[in-house]
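What follows is a single structure, written as structure tokens, with notes after it.
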Ligand SMILES: *[C@@H]1O[C@H](CO)[C@@H](O)[C@H](O)[C@H]1NC(C)=O
Ligand SMILES: *[C@@H]1O[C@H](CO)[C@@H](O)[C@H](O)[C@H]1NC(C)=O
Ligand SMILES: *[C@@H]1O[C@H](CO)[C@@H](O)[C@H](O)[C@H]1NC(C)=O
Ligand SMILES: *[C@@H]1O[C@H](CO)[C@@H](O)[C@H](O)[C@H]1NC(C)=O
Ligand SMILES: *[C@@H]1O[C@H](CO)[C@@H](O)[C@H](O)[C@H]1NC(C)=O
């Protein structure tokens, strides 16, 4: 197994703490304000709030012909499609008074975006995406900043979930912006370790540290969480209006992008969230351990510089059933991973032990064979991979 501790940490270690680290690695995607005043966009004096939403729920953008690296366009377009498929947000290249100018700032090994609609008399606002961020998840993180959101570790309730090794007050101002709490930001959804807006937990001295050891590898996720979409929908007041007859099960809700479908917690599918998404299998646990192997071949995206991972995941879902009131035990007995990283960035297995399917459950990768226990049925196992062939042998039983 190739232990690969997050590609940007390597770069970061070579850098001194300077302005360059504004968007500080953990996520190689950061945010940036063009001047201090812009921090106001993160505050919510309620009346002004509307200023920082895109009018008509429509984000206007263009890929700058000279400054954008067209070879990294696909992940950005895919991330736009993911967001617009689950919300009422639209992305358009139609001209407007204010547009996002997409560039690829190659002087930085991270990406950044201005937060919200910067209606300050400018005609363009910044969004930088380059090869260091080649992933739909990273593009989605930046786009969600563009829509007006800060990081999950900047929420006013973050100290219940996270701690820091270093006194953040000692950080350089530009750097600290990635971590400052924005007290007045309205909290629209519960905190989720697996939010795409949450930085990774690494050994880095500035990284946010989990307060729940089971959730460490879910941090720094590149999968858009259920609550990430819901947060966008609430903020932009996207809704399907009065019930159109569609009943969503398993905590789904009508999808504002298509009111004949529901937005489902990960692991549920079908128009009403009653089905297991494909591909996958439903398995019945017994009192004896049984094994099943998931092989997920994501292949590679060939690049001049050699093999490169795909910019999105492929998935496989198991629903493991057990009699009511029994404890289901699940573990990944063996991992064959092309690459492993501390945030399961290249691939891994989420075992949905949390009785609340809306929240991210623990994720396993890098030979983590910890046994997971669930008290509900079915227990959902979601395997995901973005690079080469991964194989996970999963053992399960009930007690
Ligand atoms: C919003 O949509 C309306 C109706 O389509 C249009 O007249 C208006 O110009 C749009 N506003 C912006 C800022 O795009
Ligand atoms: C978005 O929705 C369309 C129409 O349902 C579908 O064809 C497409 O695959 C979806 N794309 C993504 C990224 O979800
Ligand atoms: C909306 O969802 C319904 C039900 O899945 C589907 O039949 C229809 O094609 C979707 N519409 C669009 C525009 O994707
Ligand atoms: C399941 O896999 C484990 C570890 O690979 C092995 O020890 C065990 O014998 C297997 N059990 C069954 C029922 O195949
Ligand atoms: C499961 O436990 C609940 C609460 O203790 C109980 O009400 C229910 O009857 C139990 N169901 C079965 C099938 O034992």
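All positions are counted from 1 along the displayed chain.
Here the Cβ of each residue, glycine as well, is placed from N, Cα and C on the backbone.
Copied over from TrEMBL:
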- 142: active site (ACT_SITE)
- 141, 145, 151: Zn(2+) binding site (BINDING)
- 111-133: disulfide bond (DISULFID)
- 40-239: domain 'Peptidase M12A' (DOMAIN)
- 1-18: signal peptide (SIGNAL)
DSSP three-state assignment for residue 111 (disulfide bond): strand
Of 111, 133, 142, 145, 151, recorded positions neighbouring ligand 1, Cβ under 6 A: none
Local confidence of the domain 'Peptidase M12A' (40-239) - pLDDT mean: 89
Spatial separation of residue 133 (disulfide bond) from residue 141 (Zn(2+) binding site) - C-alpha basis, Å: 10
Closest of 142, 145, 151 to residue 111 (disulfide bond), Cα positions, recorded positions only: 142
Winner by Cβ contact number (other Cβ atoms within 10 Å) across the binding-site residues 141, 151: 141
